[in-house]
Structure formats: structure tokens, C-alpha cells
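What TrEMBL annotates here:
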type	residues	note
DOMAIN	B:275-396	domain 'ABC3 transporter permease C-terminal'
DOMAIN	B:733-843	domain 'ABC3 transporter permease C-terminal'
TRANSMEM	B:269-294	transmembrane segment
TRANSMEM	B:324-346	transmembrane segment
TRANSMEM	B:366-384	transmembrane segment
TRANSMEM	B:415-435	transmembrane segment
TRANSMEM	B:441-459	transmembrane segment
TRANSMEM	B:497-517	transmembrane segment
TRANSMEM	B:728-752	transmembrane segment
TRANSMEM	B:773-797	transmembrane segment
TRANSMEM	B:817-837	transmembrane segment
Amino acid sequence: MFGGRRRDQHGGNGSAPAAVRLDSVRKTYGKGDSAVEALRGVDIALDYGSFTAVMGPSGSGKSTFLQCAAGLDQPTTGAVILDGIDLTGMSEVQLTELRRERVGFIFQSFNLLPALTVEQNVTLPMKLAGRKIDRNRVADVIRRVGLDQRRSHLPGELSGGQQQRVAIARALVSEPAVVFADEPTGALDTRTALEVLDLMRESVLVSGQTIVMVTHDPVAASHADSVIFLIDGQIIGQLKHPTAEAVAERMTHLTAMVERPQRSFSLSQAQGQGRRDRGGNY
Amino acid sequence: MWQLALRTLRYRKAGFIATFIAVFLGSGLVIACAGLMETGITVAVPPQRLAAAPVVVSGQQSYLVPKEDPNDLKDMKTVALAERQWLDPEMADELASVDGVERVVAETNVAATVLREGRPVQAGPQSLGHAWESAQLGPFALVEGDEPTRDRDVVLDAATANLAGVKVGDQVDVVTNGAADSFRVTGLVPAAEQDPQSLLFFADSAISDLGEHGGQVSSFGLFLRPGVDVEAFQESLEDRFAGQPYSVLIEDDRGLAEHPEAVGGRAQLIPLAAVFGGMAVFIAMFVVSSTLGLSIQQRQKEIASLRAIGGTPAQVRRMIIGEAFFVGVIAAVLGCLPGIVIGPLMFELISEAGVISPVVEYRQGFFAYLIGPVVALLSALLAARITSSRAAKVNPVEAMAEASVQRKWVTFPRVLFAVLFFLIGIGLFIVTGAFMTGPVASATAGPAVMAWAIGLALISPGLTKVIGRLFAAPVRAAGGVVGYLANNNMRLRSVRMAAAVTPIMLAVGIALSNFYISTTQEAAAFRWFAEDLRTDAVVSSSTGGFTPEVVDQVRSVEGVEAATRYVTSAGWIDKPYDGSHVSSPWPMQGVDGESAAQITGITPVEGDLAGLTGSTAGLPVAQATEIGVGVGDKVTLRLGDREQAEVTVVALYEAKEGYETLLVSADLLAEHTTTGLAQQILVKGAPGASSEAVMAAVGERVASVPGAIVGDNSSIVTFAKGTETQTWVNYLLVGLITGYTLISVANTLVMATASRKRELGVQRLIGTTPRQVMQMLALEASVVAAIGIVLGTFASIATLMPFSIVVLDRPLPAGPVWIFLAVVVGAFALTLAATLLPARKILAVPSAEAARAAD
């Protein structure tokens, strides 16, 4: 339905290639005594066409995971391989060019350019890449997210749910290898959140889009094929074909497990500066 | 990216108003300065009295100052002469014999003023007598009566006759050579309209006795045979005069022969225009950079997401520069409109102040209208280029963060440039203090404030934090909980606060340093040139000068101890070679030896001022030693009219470095001035006599002398007069520049406040009343203003201190305290108004809506 590209680049040491793979990724912020380890050895491979939710309590390293996986930031050690390309040692400009070719983003606060219309916002990644603009494709994507009638509106004239749908269209338009979503429903009410999640799910089912979504919300996570649980910068579990109840239960359990030791050394407080918990169902 | 820039501009119009205004006015100011410069370079003076002659030959009003080795002709300085260079009447024959010349008419000038009931009247700033023969050089055919033929005949222009209340056939009193006599009006010519002045035409045979220079010629008008090409003729005549001090003038240069003083203004006008234009460019760049910086700060998240979805740092840069380009192009081109008005207005003010003669035609041509907008646009783009690196450095990760956190401002280039500019500032401090002497010290002191301002601006976030902490206690004490909130904002958002502090610092620094440089210069000039003059009364002439008899009359007044003629001019010491005054000639003061010692207050180290009669002079001891002459030795002076005079040194005295003057006998100096007479008499009362009594007694005695005005010692024409006009112009320019800065600063502050819409909305939602918000903002604004004033004052002190030490021998600049207070009050008022007025508008919006507003 979204006309996403199928990838069948097999080969390479027998194993099926992953859309994004993290090998022993560690990320440390700061130096010396004030150093904080946000990721402490993450190994994971996410297949093409998969929809993965990343969950964990505040300060578990979810955001850092997303930033490293999406090429927004470089790990301290370890390697990230995105769409078959090793990001290690890439310059800022190389990373930027990689992102605009192979990565799409959906943010919690939409992050549309307020000066541009819906259509111009969706076209922007193509323009940044200096590519010829495929008008049909842009029109198609906008129609699929249901904003056909609003193509020349400014973001300020749209509701939150509509803005997030523009952001989804912007993320999908350049047929990226992976779409990274950072709390995509965090700023939306329950009903609109469901619409947005259905739209994301649809792109995975119909056109095989790969999506990695960081979320707090078990309901949101239940739309994914599988859920990865992060605690203290490490992956400590995975749940296939999740339901909201199962996710919530697991989260409660995990949170209780880490909260006891936290009282003594308060790691997550150090990591979680600036981030607030939002709208969880647990 | 350009399209994105354009869309952003349309969406965020308000955020670019400050940039627009800065470039718009900057363009207008640069156009005006380019116009002033063009005017200074061309010095076009349309002729009036000489308009009928296609070619005019006059003395060359500038002097090529020779070097120690007379054969070294490289980089010689050409300096305007202080007086008119007179020509020999014999030259007429030589000119008449030149190929192509049909007729040569000599023009002569003598000071001549018409009296009405004993009081001088004149139809303009000049009142000159000429030989009737020269009337044909201008549009002055008789409209009534006959030409003057006898010694006491005169033809007046209609305006002067009207002022004097005389008709053809009447007798009229005319002052020439400092004395009045009765003349018969034989005819009238049309009034001088284009360049209003009084014209008196005397019989050709009479003119030589009517003035000191009556027997000489001011310029020759040449009528050419039909068919002779004027420009080719000029060229050939110039070749013929090669190496001789004559000018061959055609077209709009001919007016220079009528107004030789117009050339002198050039030396002041050109640097004035350059300095002023440079300041305008500097401020435009500063403002553009700070407003763009603010706008980048506000759009941090937007820029971060642009980076995340694939915009490279270079693309982000191009977007920011593109924004500045679009605003800049429109603003710079529209800047031509204020340019049309500002240029002529500035010229009018500057010529009124006496920097350049008002007879010079103001020229602001195509070139000015090209250069102004281009320079303004380029400076905006340069500022944008520098500022855009901040946008390019925005981390794409910030697109994810909930709230934009304060960014690290200490970067390597920032520190590097801050250190660099401080070093420049310190360098200028040392150069000013150690190597400069006298008034020229302002040349290095002036730019110093810019270096300090830029350096301080670069580290202003840190300074804002540190100084803000000093103000924390009083703010807390004054504001209670509101003060607590204000302090919090100051601490957490020091980078943003610094954006408001910087322009205030700039305005305060520029205003203080320029105003006090002017007042200090004025005080220094008065102190070193005039303070020594111990005068109780000054008699000034409005009719061309005093004869020596008037001085004798004044001396004989009871209660007068001493009186001297006072003549001022400027020139050089030709022999032995003196390298101390090349580009600016020696100021020369002419006094009568018998009273000089009592009145000048100068006590010679060697010799006696009483010897200042005939061909004599006194020298500052330092220069005398330098050139190896002592009392009794002979030196050759080059006087203001280019004439040489060999004089005997009669006295050596101490003088303040940079403010030295030569004392010359009044007789000698007066002879070599344009009018040939002393314009002032200085009077010192006997011990015990009050100045008022002396003034009254002298006034009674000179009541019969036409045009004599008695005043106190403030009316002395000293060299301070030159700096006085300079000060006036400085006030004007500093006023303009400060105004320009203030407009830009106000816009920056308005923009900074408007950007806090959301933050203020949130505060109100959690229970802060609008009144408390206003109080908090007022406290913050006060602290911002205070920090700006502290830093600006520091920048100006760093500029003013070495300058004051050089010219006044003390670190404290001279000048009234009210300037400082006015600047402080102004800065506070502006900051409060520019913060609170937009805040009131924001508070009118319901708080919930404001809290939702986009950042």
C-alpha cells in the first residue's frame, strides 16, 4: 500500500541481513567520576519488515539506544550496521547523508517546520537530498495518512494527531530502510494515538516498512511485532506478539526489580535528566 | 534551502524586523557617508563671481611639504594652506601671451564692509571689495547708475544697498583697512543669489590702497578665443606651470578660487565620512549577528529536526544566510530612501559646524547609491555567515529532547577571537598611552572601544552569569518571590540574557567613549592653547580686522595693563628641516612683543617674548633642540600664504607635547593672512581691576571703531575653535550612531521578550499573577541593563583612560557627569520599555493559549 521497497540482499556469512544491527554497543556520557554509562553492551539485530517496540523505565537508555541505532549519535564502543552499512567512524556529514537516504524519524513533538505547508514538510527530505521530487509519491503518501484535504495547511492549523500523521508521511516518503519513532503517541490522546499506531502498523504490513519505536506506553507497544525491554543500558528481555496486558505486567515486574537497588545508587536519576514520564497505562 | 529561508521569513516576519531595520538604516547611513566622501573628494564649488570666465588661474591652495632630502619626492604630503596665496599682477602679461587667450581679467579681494549708522551690515558671511574691472567675471552688469571712476566711488550689489538703506547717488560709510570712510554710491549690480555675500566694486585705480593685499591678485579670469577647447587649454597651461604653485581651474572647480578655504575641509570631511561609515557598518553587523543568534536560539528544535531528517550542517548554514540575504537585499535597496534624506542633512549639519565650507556642492551620485546597499548587504551576510555556525552546530539529538537545554557557549573559536580582540584592545591601549601625542591620540583611542566591545560580546554569557550573581542579593531583597524567579532565570538562561546584554553594552560603550573623547579633546585643547592666555577682555572685529592704532587706543585705556593684537594662522618651519609637523602644520599665534609676556602667561626658558617684533618667532624648547637652533639663530618659516620668511628666534618655552604652537610677531603673521589684519585684540587689566570693569572701559573706548565687539576670554579664536567644531560634529555623529544603535537594540529586546511567550504562559498557569510576571520581567530587565552598563562602561574606560593620560596628563577624562548619567538612565529606560511593552501584549493573551504557543 505504501509501495515500500522489499529487500532481499541475502548473503554475508550465511545469516539473513538485518535492517539494523547493534554489536556490543556501549555509550558513556561524561568523563571520570561523573561518567554515566547509558548503554552497557547492547547486541541486537532487527529484521527488515519488523516492527519493534523498545520499552524500559526512565533512564534505562531507550533514547540513547534510538540515537545510536538511527545514526544521530556514535556509540563509544561497538558497531551499528544500518541497512548493511557500518556507521563506525562516519563523519557528521556522512551520517546526515545516511539518515536522509535510509532513515525516517517520527518525534514525540512532531517537529514539523512551522513555516512549511503539509505538502512542503513531506517533500523536505527529498529536497534536502537534492533528489527529483516524485509528485505522485508525495500525493499518494499524503492521501494514505488521510490529509488529502489539508495539503496546503500550515502545521499550526492542524490538530496534534494530524500533525503526527504529517510526520509519518514525511518519514515514509523517502522509502527509508528503518523508521525510528520516539514516543510517537506521547503527546496525543488515546483515540488519536490509536489512529497513528494503526497507520504505522499498516505500513509494516502492507509495504514491509521496518519500524523501531521507543515508548512508555504498553498499549502502543502492543502494536509492535515484538517488544525489547531495556534496563540500566542492557537488554534484559524480549516479548513476541505482545498484548498490552502482558507488556504492562512485565514492565511492572521489571520496574519493581530495579527500583530497589536504585534507592542506593540512584543511577536512573542521573541519566533521566530532562525526560518526564508520560501517559503510561500502568 | 533558499525556498525554506523564504518561507521561514514569511512565517516569522516579526523575528526579522530588527535585522531589517539595522540593514535598512545602515544602508542609508553608508550611502550618506559615501556621498560625503564623494563631496570631499570632488570639492565642487560652482563659481559665482568668476562664472563668466571659462578658465581661472589662482594660487595653489595646498602645499607639497618637502622632505629632509629635497630630492626624495616619494609619498610627499599635500596639505591645505591656511591662508590665501596671493598672485603677482605682473602675471597677467604672461597669461595674456598664452596661445588661445583672448583676454585676462584680474580679480582682487579686500575686506570691505558697509556701515549703516555706524554698524556693519552685510548680505552674507562675506563682505569683500573688488576692482570694477573684475565685475565682468560674474553676472554683475550695472542695473542702475554708472561705474565707479574716482577714488571714493563704490558700486554695491542690490541686497547690500538695501540693507544699508542707500540709493544711487547717496553717500555711504565703508570700512576698509580697518578704518571707515565715506563713499559715493555710483551704481548698483544684481545681488549675489547663489552664494549670498556683500559685493563692493571700487574704481580700478583705487583698489590697491583699500586693503593690505589690494595691490595683489587673488585670481585671474581667462577668456579664450572662439573655438579653443577648454579642457585641452587647461592641460597645456598646467604643463606650462608644472612645478609652480598655480592652479588652472575650469568648470565647478573655479569656485575654489573664490573660496580657497573650501579645500581645507577636504582633509577633515573624508576621514569623518570614513569613520562614520565604518561605525554604521560595524553596528549593522553587530545587530544582524545578535538578532540572527536569537532567532537561531529560538528555533533550536526546528533546526535539530531539520538536521535529524537529513539536513547537513552546510544546508542549515545556507538557510540562515539565505534568510539574512532576503531580508538584507530588500532592506539594503529600500535603504536608498533614507539615504536620500540623511546625506544632504548630514552635509548641512557638518557644513554648519564649519568642517567644510557650505559653498561646496553636496554630491551623492550613482556610486553612493551603489556602494551603500552593497556594503550594508555584505556586512549583513558576513554577520550571518559568522552566526550561522551556531546553527550548524545544533545537535540533531536535540530534536528528541523534551525542552531545549542551555547550550555550551564556550567554544574554541569563541575563546580564540575573544582573546584576539582583547589583545587588540590592549594593544591600542598601549599604543595610545605610549606612542601617541596630542589630539591625534583619538585615532587609536576611537577604534579601541570596538575591539573591547567585540571581545566582551564574545564572552558575554560568562560575564552575564558572573555579574548577574553579584546582583542576585539585591534583586532577591527587592523582589521577594518575584526576585527569586528573576534570579533563577538569570542563572539558568545566561546565554539568552547575554543576547540582550550585548547590544546594551555596545550602545553604552560607544556613546560614553565617543562623547567623552570629544569633551576631553575640547578640554585639552583649551587647556594647552588658551588657558595660559590671561585676558580680561577680547575685542573682536566683524569688519575684517584692526589697524595697529586701535591696539594703541586700547592700551591707553585706564585700568588696562597690557593689550596685544592676536593673529592665528598655520605653517611650517622650512629651514632647518623640521619633521615634527608634516601632515598637520604648526599652529601659529601672532602677538605683539611688548605685551606678550603679560598676556600669554608663557615664561620663556630662554630669551624674552618682548623681542617678538618684526621678523621674529618663539619656539617650544623641545623642537628647537631637535632642529638645533637656539635664541639668536635664524629659521625660515613657510607661512599660511606659502610665502617664506626668515625670522630670528627670540624665545624658547616649554609646551605640552602634541599641542605646541609657534609664537610669531603679530606684524609678520598678520601680513601673511588672507585679510592682512589682526582679527582680535587681547586685553589684560591692571592688578585689582575686575574683568567686568576692564570690558566696560575698553568697550567705551572702541565704541567708535566700526564692527568692534568686546567679549570675555571665551571668545578667543584659538585653535580650540577647530576642536570645538570637531566636538560639535562628534556630538552630532555620536548622537546619530547612538540613535541607530538604540533603534536596533530596542528591536532585539522586543524580539527577546516576545520569544518568551510560552514560558510566561506556563508561569501564569501555575499561579503567577500578571502583575508578578511584569515585576519579574522588570527586575530581569533592570539587571540586564545594569550588566550592560557595567560592561559598556568598562569598554569605554579602557578606551578613555589612555587617551586622557596622553592629552590631559591624568587618567580621568574631562566632561560633564550628566553625559554618563544620561546614558545610564537612557539604557535603563530603553531596556525596561523594550521589555515591558511587548510583555504587556503577551499577557493580554489568555495564559492557557500562551502556554501552548510554539516556541
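Here the Cβ of each residue, glycine as well, is placed from N, Cα and C on the backbone.
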**Item:** Segment confidence, the domain 'ABC3 transporter permease C-terminal' (B:733-843), expressed as mean pLDDT
**Value:** 82
**Item:** Counts of helix, strand and coil residues, the domain 'ABC3 transporter permease C-terminal' (B:733-843), according to DSSP
**Value:** 97 helix, 0 strand, 14 coil
**Item:** Contacting positions for the transmembrane segment (B:269-294) when only residues 6+ beyond its ends and CB under 8 Å are counted
**Value:** 15-16, 18-19, 22-23, 25-26, 29-30, 33-34, 36-37, 39-41, 320, 323-324, 328, 350, 355-356, 375-376, 379-380, 382-384, 386-388, 390, 446, 450, 453, 457, 496, 499, 502-503, 506, 510, 729, 733, 736-737, 740-741, 744-745, 747-748, 751-752, 755
**Asked** Where DSSP helix means H, G or I and strand means E or B, what are the helix, strand and coil counts for the domain 'ABC3 transporter permease C-terminal' (B:275-396)?
**Response** 100 helix, 0 strand, 22 coil
